[in-house]
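Below is one structure, written out as structure tokens; the observations come after it.
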Amino acid sequence: MNPSPQPATPPSLRLHLIVLAALLALLLTSAGLALLPLGVFNTLSALGISVAKTLLVMAFFMRLRRGPPLLRIAAAVGFAWLAVLIGMTVADVLTRVVLPSPW
Amino acid sequence: MNSIEHAPLPRSYLDDGHSLRSWLLTHDHKRIAILYALAITFFFFLGGFAALLIRLELITPAGDMLTADEYNKAFTFHGVVMVWFFLIPSIPATLGNFLLPMMIGARDMAFPRLNLFSWYLYMIGGLFTLAMLVLGGVDTGWTFYTPFSTMFSNGHVMLTVVGVFVVGFSSILTGINFIATTHSMRAPGMTWLRLPLFVWAMYAVALVMVLATPVLAMTLSLIALERIFGVGIFDPALGGDPLLFQHFFWFYSHPAVYIMILPAMGVVSELITAGARKRIFGYRFMVWAIVGISVVGFLVWGHHMFVAGQSMYASMVFSILSFIIAVPSAIKVFNWTATLYKGRIDFSAPMLYALGFVGLFMLGGMTGIFLAATALDVSLHDTYFVVAHFHYIMVGGSVMAYLGGIHFWWPKVTGRLYSQAWARFAAILMFFGFNLTFFPQYLLGYEGMPRRYHEYLPQFQVLNILSSAGASILAVSYLLPLVYLGWSLRYGARSGPNPWRAKGLEWLADSPPPTHNFEVTPVVTDGPYAYEDA
Amino acid sequence: MSTDTTMLAQQFDDAAQQRDASALGMWVFLATEALFLGVLFAGYTVCRVRFPEAFAAGSRHTDMLLGTIETAVLLTSSCAVALALRDVQLGGRRIAVWLLLLTAALGLGFLVMHGFEYYSEYREGLMPGIHYTQQGPLAAPMQLFFCLYYFITGFHSLHVGIGVILLLVMARRTHRAQFNAQYCTPLELSALYWHLVDIVWIFVYPLVYLVGRAG
């Protein structure tokens with residue numbers, strides 16, 4: 001309901017290019033961090049940067065920042081359900097008594 | 001559309017073209033609903049035939065009629081067809097397609113072409129399944145457990161998997177359509193808390209379809225890839241995890257049970273209010289129960305894996321969550337009962353089906369609580385107790401409600417009235433036939449008869465004969481509606497717009513409705529089920 | 001409301017309702033895509049939790065430089081399609097067509113680069129079930145990594161391929177002036193799809209190429 005009026009003026013060219021620059025900078029950061037021995041933080045930083053990049057793409061390129069809240073909910077629900085699938089499956093695997101492999 | 005005609009009534013959707021082309025290329029949600037109804041009826045009787053073979057085999061303890069392999073193929077075919085080609089699309093794709101736009105006061109679905117496309121996907125998936133049947137069947141069970149399905153089965157696993165994959169996308173597209181329609185197509189004044197409970201059920205079921213089915217699609221793809229290349233992540237020889245398959249499979253297939261039962265709950269809420277001529281008791285509770293079931297239903301899948309090697313801690317969590325889902329289910333049963341209290345109950349056929357649903361659903365749900373208890377499940381798992389439990393929900397619940405809905409909205413869909421006497425007889429026969437078929441299976445399971453075997457110990461014979469006898473009664477009660485409803489199509493009395501004097505926007509339109517449902521978009525000023533004011 | 005009523009389907013009251021419904025439908029579809037591909041990531045997580053060393057070893061066999069370039073290509077293409085949509089919404093046409101063609105070209109370039117990756121992995125004997133010649137204690141669980149690698153990148157490439165076709169169709173329709181500032185829903189939805197393809201790859205990149213690089 002409450003149909004939104006005509007789309008607001010699209011974000012500026014400048015904003016698009018700034019976001020792209022930020023995305024590429026994050027890409028190089030994540031590549032660089034992967035080469036440093038940080039232990040478990042290698043994985044965490046890589047995933048954290050991926051989340052940041054995703055949020056940038058969704059907020060600006062996909063225009064969720066100024067879009068209807070319903071669309072944000074739809075996007076969030078997809079990820080939340082995936083988190084349930086991964087979380088509960090991994091929780092089982094981590095607490096299971098694993099039989100040793102044959103090799 | 002037809003501005004030249006001066007007839008007071010616009011043409012009904014049934015008269016809007018009679019050619020085959022006008023049906024196969026229609027974008028009208030009502031015609032698509034009928035296309036679906038014809039297709040799922042065909043598959044229902046096909047799956048029913050497999051059930052007939054199973055029950056015939058089980059009359060005697062010896063495995064004499066079907067070989068073990070043939071028996072495996074019979075119950076696999078029965079399961080695959082009944083789950084994906086009948087129960088999942090049953091209420092949503094037929095009654096939901098027909099009624100959802102009408103109940104919210106819309107002219108059509110949000111995406112009519114997508115709607116038609118999803119029917120074609122269903123048919124393509126059906127063709128794959130028929131090909132599987134013709135070429136010799138598949139023996140994995142409808143659950144496709146690895147590593148049997150990926151490495152050992154010689155049946156036509158690929159064909160079946162492709163068929164189910166395709167039909168899965170049909171249900172995803174239906175779900176997307178329902179969600180977009182409910183959000184954006186409601187008539188003025190039709191706020192969320194004025195939606196009929198059937199619409200809420202369709203919305204919730206669409207959420208489940210959309211969020212669960214993709215997981216099934218990918219899981220089946222993984223099975224196919226593992227069969228093609230001989231390697232994959234479920235392969236224990238590589239350190240892969242067959243249990244991972246079960247996680248993925250039940251992440252879809254447990255919510256799939258709610259795809260079957262939530263629409264049934266929606267139908268029954270409409271039937272009971274109209275039959276008792278009362279407002280639904282606790283509308284908001286009913287809404288929250290529907291939404292609650294659809295959400296919590298996603299968190300309980302591990303109760304299928306208590307004895308499969310899942311971790312004890314995971315089992316405990318899944319067990320508790322499974323108990324929790326009994327709460328909203330019970331709220332619904334209480335509220336239906338409370339709605340009946342002091343109502344002026346009209347015991348016509350739809351009401352009989354609805355009452356049958358409430359009783360059978362309650363029995364099925366209560367035995368589900370037995371199975372959710374980890375300790376009890378160890379001895380009941382994979383016995384006939386489980387078979388009886390889910391048939392009470394799926395057949396006693398969903399099919400009963402589906403037929404109740406068909407009887408309730410038949411005058412709206414076809415514009416004809418059917419014989420109440422025959423319909424009441426069929427409903428009562430179905431209730432007795434069903435209980436005779438499946439109640440003995442509780443006892444069999446309790447005594448330890450395992451499922452999926454074509455032979456059994458001699459002491460189980462009496463109960464098995466009772467069950468097979470019940471199945472034949474059940475078969476008659478399923479064939480009867482075909483006869484008297486078919487008869488009514490040609491000889492039934494014409495129905496007015498509202499033969500039940502029921503509330504709801506769909507009853508404002510003519511029977512059968514015109515192509516675009518409403519001449520003037522209705523404006524809603526009150527909640528649903530305003531029966532006392534009538 | 002809108003002067004252009006020819007694009008309004010009969011079931012809708014006005015253009016805004018149509019656009020809202022389409023956008024919501026597309027976002028729900030994107031959520032299903034996330035779950036569809038997410039199963040592979042769930043499988044990845046479970047297997048990696050089991051065999052961290054094998055996954056690190058497997059990841060070291062992949063081409064990190066090429067993977068980084070591919071990521072940059074997809075990110076840039078995402079920006080290009082967003083700019084194309086912006087141009088159409090501001091009333092433009094010519095620049096939008098070129099930006100859409102650029103996006104499709106970048107997508108195609110991505111596929112070509114990935115083809116080279118597959119080819120070199122085939123030559124190294126890293127394809128389980130087809131040509132797998134690895135030896136040693138990690139060889140068996142490393143097959144899990146490579147299975148997942150091919151499943152994930154394969155499904156992703158399939159989506160890239162569909163996206164490229166979609167973008168070319170949109171470029172053609174834009175060229176024929178079928179979109180304008182009031183009506184460009186198909187273009188909007190195609191752009192959303194392309195962004196999703198990009199987002200999936202954003203997660204593929206660290207999980208496939210960046211594991212165990214420091215050691």
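Every residue, even glycine, has its Cβ placed from backbone N, Cα and C.
Copied over from TrEMBL:
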- B:23-525: domain 'Cytochrome oxidase subunit I profile' (DOMAIN)
- B:33-54: transmembrane segment (TRANSMEM)
- B:74-99: transmembrane segment (TRANSMEM)
- B:119-138: transmembrane segment (TRANSMEM)
- B:158-180: transmembrane segment (TRANSMEM)
- B:200-229: transmembrane segment (TRANSMEM)
- B:249-273: transmembrane segment (TRANSMEM)
- B:285-306: transmembrane segment (TRANSMEM)
- B:312-331: transmembrane segment (TRANSMEM)
- B:352-376: transmembrane segment (TRANSMEM)
- B:388-410: transmembrane segment (TRANSMEM)
- B:422-443: transmembrane segment (TRANSMEM)
- B:463-485: transmembrane segment (TRANSMEM)
Positions whose Cβ lies under 8 angstroms from the transmembrane segment (B:285-306), at least six residues beyond its ends: 193, 197, 200-201, 204-205, 207-208, 211-212, 243, 246-247, 250-251, 253-255, 257-258, 262, 265-266, 269, 314-315, 317-319, 321-322, 324-325, 327-329, 331-332, 335, 371-372, 374, 377-378, 381
Cβ-Cβ under 8 Å with the transmembrane segment (B:200-229): same-chain residues at least 6 beyond its ends: 92, 96, 100, 144, 146, 149-151, 157-158, 161-162, 164-165, 168-169, 171-172, 174-179, 182, 235, 245, 248-249, 251-253, 255-256, 258-259, 262-263, 265-267, 269, 286-287, 290-291, 293-294, 297-298
Cβ contacts under 8 Å made by the transmembrane segment (B:249-273) with residues that lie 6+ beyond its boundaries: 83, 87-88, 90-92, 95-96, 143-145, 171, 196-202, 204-205, 208-209, 211-213, 215-216, 219, 279-280, 286, 290, 293-294, 297-298, 300-305, 332, 336, 339-340, 350-351, 353-354, 357-358, 361, 390, 393-394, 397-398, 400-402, 404-405, 408, 502-504, 528-529, 531
Reported mean pLDDT - the domain 'Cytochrome oxidase subunit I profile' (B:23-525): 95
Contact between the transmembrane segment (B:74-99) and the transmembrane segment (B:463-485) (at least 3 Cβ pairs under 8 Å, separation 6+): no
Same-chain residue ranges lying at least 6 outside the transmembrane segment (B:158-180) that approach it to Cβ under 8 Å: 80, 84-85, 88-89, 92-93, 96-97, 100, 109-111, 114-115, 117-119, 121-122, 124-129, 131-132, 135, 138, 140, 144, 202-203, 205-210, 213-214, 216-217, 220-221, 223-224, 227, 259
Same-chain residue ranges lying at least 6 outside the transmembrane segment (B:119-138) that approach it to Cβ under 8 Å: 32, 35-36, 39, 43, 46, 73-74, 76-77, 80-81, 84-85, 89, 93, 153, 155-157, 159-160, 162-170, 173
